[in-house]
Amino acid sequence: MGLGIWNPICQSLILRCVSDDRLAESSQVNDPKWLPLRATKVHQIRRASMFSARSALKVRDKTRIYFIQLQDSALSTDKAYIADEWIETGKTFAVSEPSSGTTLGRVSDCTLEDFQRAISVASSAQLKFYEQTTATDRGAFLRSWYEHIIANVNDLSIILSLENGKTLAEARGEVIYAANFVSWFAEEATRSYGHTIPSSMAHTTLISVKEPVGVCGIITPWNFPAAMITRKIAPAFAAGCAVVIKPPSETPFTALALSKLAEKAGIFPGILHVLPTKDRSAATELATSPLVNKISFTGSTGVGKMLAKLAAGTLKKVSLELGGNAPFIVFDDADLDLAVEGAMICKFRCSGQTCVCANRIFVQKGVVAAFTRKLKDAVSDLKMGSGLDPATTQGPLVNEAAVTKVLEHIEDAVSKGAKVEYGGKRPSGPGFFCEPTILTSVRGDMNVSQEETFGPLAAVFEFDTEEEVIELSNSTPYGLAGYFFSRDVGRCTRVSRKLQVGMVGINTGKISAAEAPFGGVKESGYGREGSLYGLSEYQVIKSITTGNLDK
């Protein structure tokens with residue numbers, strides 16, 4: 001049994017907030033008279049009740065304990081979804097709660113044989129799905145799924161926050177973002193057009209049509225456990241593809257909950273399979289099986305390269321959204337308040353654990369002192385804590401390794417001359433927390449310059465000229481996203497063209513939307529997700545030539 005949640009997530013969830021010795025003893029924890037009081041403290045959660053004393057977590061500092069009941073307890077499951085059935089496997093693995101560092105619950109650990117079975121069923125269902133449904137049918141299913149997601153946004157937000165550590169506000173924002181992809185591709189399903197092509201041959205008609213690529217292997221990351229699922233499988237379903245998903249082992253419960261809702265929405269039999277696993281050989285079956293026609297992966301560049309090599313053995317279609325090292329440039333003519341707002345969004349959102357996170361903040365020398373002062377003021381307002389505490393504005397990192405990497409980057413930079421302007425330490429107590437940190441006097445020979453930190457560390461570099469900062473920005477192997485702030489229209493045009501990235505934010509830190517193409521260049525991967533281009537990633541083009549119809 002895990003602390004914090006009785007395995008599986010089931011009916012009662014726990015929120016720890018303000019210190020209160022009165023609630024420390026189990027006799028008081030079990031007293032129902034406390035429940036209405038605690039329930040009033042929780043934003044966006046409609047019901048509170050006690051499930052079992054066994055699910056009470058002895059949290060640090062005798063903190064207040066809240067018992068929260070999911071509106072739909074069926075959304076919490078520890079089972080895999082294979083061949084339209086919820087399956088308990090022989091083994092399970094533990095999932096941690098980042099806020100406490102304890103075990104959140106356990107989930108089925110699927111084997112190679114489980115993956116092979118899921119792939120086989122998906123392959124058999126694939127052709128039936130495409131032939132027996134129209135684009136309108138597939139769009140209708142996606143709209144139904146979207147409506148189920150929106151109706152359960154509170155429950156999904158709680159599950160996501162618990163296993164990922166995001167604040168409730170961030171988790172809710174992600175669930176809505178995830179739902180938007182489903183809604184977008186519900187409409188795009190009916191907008192997949194072919195062409196009639198003028199033929200160079202007499203008495204001949206030439207057309208092109210788009211068809212589903214086939215069974216898709218989907219491997220998603222832990223940092224956006226809801227949105228990365230829907231951004232991949234919504235276009236796959238719209239195109240007419242079956243999918244086999246390996247969700248992240250750090251955050252599998254969100255993927256399983258979304259699958260429960262897809263089942264309720266009336267998904268076509270055999271086209272959705274969700275298999276949590278810690279077995280690498282099982283997961284690589286998606287890249288090597290001849291029955292899988294496409295791989296879509298979001299994660300590290302190293303793993304992406306490995307999957308691309310494996311997929312080459314059967315010439316699968318591959319799309320990869322990999323690591324980044326985003327430059328964030330502040331020119332001396334920028335609105336500094338707007339620039340700080342943008343930096344807070346794309347550096348400290350989700351505790352700095354986003355693939356488009358601002359990793360290197362370049363500030364022109366004339367405004368570096370003023371910008372740093374304003375950034376420090378903004379960062380000092382962040383409040384660390386459990387994601388389920390409404391007062392929290394920065395949650396934990398996902399695991400111990402993530403904390404270690406941030407601290408190593410800080411130590412390396414300081415040893416080479418960087419200055420800690422704010423933060424820089426790990427707070428005492430359990431959980432995977434790291435203080436939001438600002439470094440100045442950062443140089444290119446420091447690890448934070450060449451590696452993606454993936455944490456709440458803002459590294460501030462100084463630069464002199466536009467030409468210099470363009471060269472610095474493009475000096476890494478990565479090219480996912482870039483940001484800059486300037487009031488000069490000509491500069492905005494020049495810099496946006498010269499940055500070697502797949503996405504550019506001009507005077508904003510927000511660049512992601514369902515209707516916008518998402519993806520990188522260089523070693524940040526290839527392929528695009530979202531937008532009208534996202535559907536094409538799950539399709540192949542067939543040309544049909546018809547001759548001699550007039551003879």
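Glycine residues also receive a Cβ, built from the backbone N, Cα and C atoms like all the rest.
TrEMBL annotations:
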type: ACT_SITE; residues: GLU321; note: active site
type: DOMAIN; residues: 86-544; note: domain 'Aldehyde dehydrogenase'
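Counting only same-chain residues at least 6 apart in sequence, those with a Cβ under 8 Å from the Cβ of GLU321 (active site) are PHE297, THR298, CYS355, LEU480, PHE518, GLY519, GLY520, SER524, GLY525, GLY527, GLU529. When pLDDT values are averaged over the domain 'Aldehyde dehydrogenase' (86-544), the model yields 98. The residue listed as 'active site' carries a strand DSSP state (E or B).
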